[in-house]
């Protein structure tokens, strides 16, 4: 049957779907309005069941008579169970993923709207606060975030009755806050848990503030690198702590794949080496990590102490990875299916790194092209940036994000160990590091990264 006012044929307009952001949404409603809507639906279903009213047109009918000819007893009231699924809200706060033609979206005020999808996740699926093991030097973390407005009304008859479950699913196009659901907005690929919180505003995330990172973000917003980093929207207070209000880089992606690439030939500051020599602090946890990778790595003295210093561990870690050879290393990957991996500690050669990127992109030539263009854009911007020229960039990462709709983006993140140089000093970022020259090898790593992706594009 054709409903009045509804066109025949396909119900969805041509091109509509998760990758077509042009559909209009229903008006936004508050959580209170949603609750009232739900309660009204509960009351209506219960009243209909109590009155013995027939099911809605189109529902599967059961026999109205039992074998002995007596009328079938009215079923017990059916109470819907509310399930709010958690998807990504897609209103970027600043430069977001590129559009389908590869153009980068404009800054604040732009909107990338996508149709919502039903999901099988529920309020009881709270998830974990940490996806992967903590890293000793990175601060990328997960967070709770604003939920998408996907609602399922699941109605079930009394469990004592021998009947099938009936599910009534409705999709409500309005964003709601779900305090019971955690969305991995900033994926915990490598870092300390608890660094991030939900901002309560679409497209934003809160990161625990540190003086060095706050200093850097303020200056980056006035530098040519502004479009290459998460947009910074000031400091807010939550639970007695200060948080940086940042752009949620995963906003606007549908089932994103994420890769964290630690840049530079070292991830420790020169002053850390100095302090370690003056007041060496032994770390048993880092000794255990070293032992797990290579039992022969610790010296006899370290075996006896069953501990190593942090700089010693980090120098060893960089030596077994591609940091010292290529100027970057892969910290972790999250795929669209939610599976994560940080097993890249010994990924050292160019060939090994190339295979990892190839698997990460799964042969998507368009994503590869966009990644390559974005990296070249970032390199061009870094080379003219006054901020970059006058800062030692340590422990910072490039965050790669793409989805099945061929959206792809790369951003510089994590500036907690980025420090200004003395007046008059500038860095080349490609020269070999020697203690005292403060070179970080950032551009050396970026050159190699671009070369690896370019070689994949030529295949």
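Heads up, the Cβ atoms here are built off N, Cα and C, so glycines get one too.
As annotated by Swiss-Prot, region 'Disordered' applies to 1-29 (among others).
Under the heading omega-N-methylarginine, Swiss-Prot lists 35 (among others), citing a large-scale study or a structure entry as support.
Taken from Swiss-Prot, the feature region 'Disordered' covers 49-164 (among others).
The annotation omega-N-methylarginine is assigned in Swiss-Prot to 55 (among others).
Taken from Swiss-Prot, the feature omega-N-methylarginine covers 62 (among others).
Swiss-Prot lists 135 (among others) with the feature phosphoserine.
A coil conformation is recorded for residue 248 (ATP binding site) in the three-state DSSP classification, outside any helix or strand. The ATP binding site annotation in Swiss-Prot covers 195, 207, 247, 248, 249, 260, 334, 414 and is backed by similarity to another entry.
The phosphoserine annotation in Swiss-Prot covers 195 (among others) and rests on similarity to another entry. Residue 195 (ATP binding site): 22 other CB atoms within 10 A of its CB, across all protein chains. According to DSSP, residue 195 (ATP binding site) sits in a coil region rather than a helix or strand.
According to Swiss-Prot, the feature substrate binding site maps to 262, 283, 310, 311, 312, 313, 314, 315, 316, 317, 417. Every protein chain considered, the tally of other Cβ atoms within 10 Å of the Cβ of residue 314 (substrate binding site) stands at 21.
Marked as region 'Calmodulin-binding' by Swiss-Prot: 285-293. Break the region 'Calmodulin-binding' (285-293) down by DSSP state and the numbers are 9 helix, 0 strand, 0 coil.
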Candidate nearest residue 310 (substrate binding site) in space, where candidates are the binding-site residues 207, 248, 249, 414 and distance is Cα-Cα: 414
Between residue 414 (ATP binding site) and residue 312 (substrate binding site), the C-alpha gap once rounded to whole angstrom: 22
Number of other Cβ atoms within 10 Å of the Cβ of residue 316 (substrate binding site) across all protein chains: 18
Nearest recorded site to residue 334 (ATP binding site) by CA-CA distance, among binding-site residues 262, 312, 314, 417: 262
Candidates 262, 310, 312, 417: member of the binding-site residues with the richest Cβ shell (10 Å): 262
